[in-house]
């Protein structure tokens, strides 16, 4: 069972913790603990049951028992990593060993807790996992918004954008593209408005972020 202690509440009431443990009594006790800390708690007896449910739509941390009926928690983590899954995981077990712990941590687990453990140790680990997933979700939303803005640009506006982001002057861009400097200024103004860039510095950051995303996609 969980060792009782004074658990500090978490601030994000929209955060969700998914608990997968085949011990019904223990699973329910974790649910009560997490809810007392201001978190949504979704409880499942197996990986299959969890995968058959609607995916969480808020910052989420998984709390998985290592040994489960059917697929184990470690098996699920391996498949999640292989499929580029990014949900943070806190493992709990009554029968942990060093090789098992090392394996889980190498694959990116937040924490590996052996029963019995302190309530606050679990809350702290879950807090880290939720913060990490929140950051991932916000970053993906930001990237999606950026891509949507850049997709509305015309081919000429995109070409000018890249040169502007590199610090080239209107006169230089005009010479490269065989158009007048006035035309460059018009396209530049339209481009800045469409991508909602308030300055050249902001525009350069947007372009760098999209380039980094493209490089990661090609890896």
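Quick reminder: no glycine exception, Cβ is built from N, Cα and C everywhere.
Pulled from TrEMBL:
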DOMAIN    16-130  domain 'Response regulatory'
DOMAIN    146-211  domain 'HTH luxR-type'
MOD_RES   65  4-aspartylphosphate
> the domain 'HTH luxR-type' (146-211): mean pLDDT?
Replying inline: 90
>> With every protein chain in view, what's the tally of Cβ atoms within 10 Å of the Cβ of residue 65 (4-aspartylphosphate), excluding that atom itself?
In response: 23
> Can you tell me the three-state DSSP label for residue 65 (4-aspartylphosphate)?
Replying inline: strand
> Could you give the number of helix, strand and coil residues in the domain 'Response regulatory' (16-130) as assigned by DSSP?
Replying inline: 49 helix, 26 strand, 40 coil
